[in-house]
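What TrEMBL lists as domain 'ABC transmembrane type-1' is B:106-306. The transmembrane segment annotation in TrEMBL covers B:36-57, B:108-130, B:150-169, B:176-195, B:210-230, B:237-258, B:285-309.
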Amino acid sequence: MTERSYVEVNDLRRVFDVSKPWLNRVLEGGEKQYLKAVDGVSFSIAKGETFALVGESGSGKSTVARMVVGLLPPTSGEVMIDGVSMSSHAALGERQRLRRRIQMIFQDPYASLNPRWQVDRIVAEPIRAFRLIESEKAITDRVGELLSLVGLHPADGRKYPHEFSGGQRQRIAIARALASNAEFIVCDEPTSALDVSVQAQILNLMRDLQDRLGLTYLFISHNLAVVRHMASRIGVMYLGRIVEISNGRELFSQPKHPYTRMLLDAVPDVGMTGRQRIPVKGEIPNPISPPSGCTFNPRCPFANDRCRTEVPPLLGGVACHAIHEGRLAIDAAA
Amino acid sequence: MAEGIQAAPAPQAQPTSWAGRFFDSDVWASFKRSKLTMAAAFLTAVFMAAAVLAGVLSPQDPFDPAQLELMNSRLPPLWNAEGQAPFMLGTDEQGRDILSAILYGLRISLAVGFLGVAFSATLGIALGLIAGYVGGTVDAFIMRVADVQLTFPAILIALLVDGVVKAVLGGQLDEMMTLSVLVFSIGLSFWVQYARTVRGSVMVEKNKDYIAAARLIGLPAPVIMFRHVLPNVLGPVLVIATINLALAIITEATLSFLGTGMPETMPSLGTLIRIGNNYLFSGEWWIVAFPGIALALLVLAINLLGDWLRDALNPRLR
């Protein structure tokens, strides 16, 4: 990429301690157990771009999202947003200023709004927290403006979250994310809790806002159709690692990694009727004891001995020995 | 940016005032359905009104020794042949009008009850909030202290605290100091239940995304705890507080009955029962009976209210 990237994620790792309590370990025996939720993830996002992370449940997408916004400290690695590190203590003051520009939209709109607060207080909270506007009158005006921006009525601000549908609540969550004039919004499966018809409305609203306000999105999803609609670049995650990164269209027309091909083949599509498919084999392994080498090797039809021992690096947008060695051709016709 | 992306319909008029929403709620509807609850609420209201208006209603100030006449001591109730005019429920051995003493005693019992509940609830909520939100060692420490305290009966803790505080303060305590010590000891013996309940709710709430949204904008932990978490965990606390109000009143009465509570110069209901107990076998039953009945009715009414509130706020029983 020629332009300077806005978000830079370098070799991000997160390990969770999932051992039994100390007393149980002493009495029953057993080792400490660690779960590598995210294992060396790197990517960059340009300003105004939508970068999507896709993957099955448990692949570490949401953990990456939480580390990027700073809700969860990484075990190692670094997140740089607009040149400011999110993890080092030296940048504390700058990070505080950066917080205003980073917001998050959560998966469950029923849990992401405080049920005891009126909507206008929820939307106004970031404005008050960052002291963006001082006078109460101006805050009220701004909240009304934000609510109309996301397709709600300014008078809706007097209501409580339980008076709204899931889609409307997600609109409120978007209004809250925009309240601090955020530039970078991390969306953790923002539509997976919604009806299909409402999903499209929310996605279109998010694209529309991106065009108007020049927002940058990190978009987490397991739904390939949603990702295809939204993303300019896509990273495919499998067991805490990125196995493939490519431009949006390319991923769907020329999938490289066997896992990506398997995912795409699993998407029902009228045009593919009659074509031979690679069936989805097996399940995602237990991340506490992941397979050695390439973590996808037990499910991969092209795996050989090297795949079982050596972790493939991410080269040319794909982490696969078979592709690197030329054993597996990039199938342009898919 | 003023125009919306799509026209949203104007929202319907809703009762927005606090009172309007209350009379619209399920809780109010369930209150109106239950005759027993309404009777209990009425009785509680009568007791509270009587306690507040004690100075106006009672024919005598039982705390003022100048108004007491030994000539009038141990008079039976008015409907008895030996009853005398102003003393409707008779008098005790100091010539104190029982009705006046009950009204003033109610005031003390309710005051100790309310203050004790307020103290224990504040303590319990604060500790539960901190334990649940901070977690780790702090949580383990607070909850182990709570567990240890739970192994003792509340009345024993109250007696212990009462005794220790009185020994520390030393000498003769005046009535208001005794009352404060009672509130303190009752508060210390009832905080555990609040702490455990609040901690449980906090641990559920703190993992919800609205807390993450608040952390995201850099709010400090105490602000998140009080602004976001606290209002969402107070529902069960209200029920416990109501039931504990009755318990606190009983505990105060027990302490006074055992002689470590309110002194005879400023009797609470429990003190009156203790005084009356001495005269029970000489046939002066009214000294113990009327304060006893008042205490039983008060506690029963508050307990009925608490039971109703518990059911009304429980979504699984609706």
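Here the Cβ of each residue, glycine as well, is placed from N, Cα and C on the backbone.
Simply put, out of B:36-57, B:108-130, B:150-169, B:176-195, B:36-57 has the most Cβ pairs sitting under 8 Å from the transmembrane segment (B:285-309). Contact check: the transmembrane segment (B:176-195) against the transmembrane segment (B:150-169) gives at least three Cβ pairs closer than 8 Å, residues 6 or more apart, which meets the contact criterion. Taking every listed stretch (B:36-57, B:150-169, B:210-230, B:237-258) in turn, the largest tally of C-beta pairs under 8 A with the transmembrane segment (B:108-130) is reached by B:237-258.
Here the listed stretches are B:36-57, B:150-169, B:210-230, and the one with the most C-beta pairs under 8 angstroms to the transmembrane segment (B:237-258) is B:150-169.
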